[in-house]
Amino acid sequence: MGSQHSAAARPSSCRRKQEDDRDGLLAEREQEEAIAQFPYVEFTGRDSITCLTCQGTGYIPTEQVNELVALIPHSDQRLRPQRTKQYVLLSILLCLLASGLVVFFLFPHSVLVDDDGIKVVKVTFNKQDSLVILTIMATLKIRNSNFYTVAVTSLSSQIQYMNTVVSTYVTTNVSLIPPRSEQLVNFTGKAEMGGPFSYVYFFCTVPEILVHNIVIFMRTSVKISYIGLMTQSSLETHHYVDCGGNSTAI
């Protein structure tokens, strides 16, 4: 009999212990939830003020008003910014796009200088000195492929006849070439051929010759400046000049 009573009492005591443990766990969990929901409050007596960012439920010391910025619970959504990765990626893409556009528009492109021929030739004869004076207006075509204005800072030209320099022309601050455009630049050189080339005078004044063509060689150099860079283009061209037409005698 005694053994049967003790065996029956043992399961009931175990069951009661399990129920007590379960009730204890539930009580601890309820206490933790209550603490988590309870707002932060600093009880410092009269030396405290209401924390505005805590919706009036928390307090901070008066002397730390300028030091403490905010008291935000861990569950506040402000601590979990939305779409942060998307915003960062978008910012990076925008920066790359802006950098690419800046490089594309500011990257120096070529400025092409081409010869556009001789427009006007005025011939003057000096019979006394057997001298031929050629006043030649030549034209250059300058093409600007950049997205900004370029400046033609200087232009120099030499006219040669039979490998001898007979004229030199130099000028500065020539012209400004607008973006993505081309412009014609005219310059005038004066060549005098006499002395060892006095035979040119007789050749150009012989009436029996219908066409009085002579060949001159022109070496032209152009300096161009843009966004802190300086480039130089050179041209070497040969031209036929009729020294018998459009002439005057002095």
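Yeah, the Cβs are placed from backbone N, Cα and C, and that goes for glycine too.
In Swiss-Prot this protein carries:
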| type | residues | note |
| --- | --- | --- |
| COMPBIAS | 16-25 | compositional bias 'Basic and acidic residues' |
| CARBOHYD | Asn173 | N-linked glycosylation site |
| CARBOHYD | Asn186 | N-linked glycosylation site |
| LIPID | Gly2 | N-myristoyl glycine |
| REGION | 1-25 | region 'Disordered' |
| TRANSMEM | 87-107 | transmembrane segment |
| TRANSMEM | 197-217 | transmembrane segment |
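Away from its own ends, the transmembrane segment (87-107) comes close to residues 147-148, 227 of its chain (Cβ-Cβ under 8 Å, at least six residues beyond either end).
The Cβ of Asn186 (N-linked glycosylation site) has Lys119, Met137, Ala138, Thr139, Leu140 as same-chain neighbours under 8 Å, each 6 or more residues away in sequence. A simple way to gauge crowding: the CB of Asn173 (N-linked glycosylation site) has 10 other CB atoms within 10 angstroms, across all the protein chains here. Sequence-distant contacts of the transmembrane segment (197-217), counting only residues of its own chain at least 6 positions beyond either end whose CB sits under 8 Å from a CB of the stretch, comprise 123, 125-127, 130-132, 134, 136, 159-164, 166, 191, 236-245, 247.
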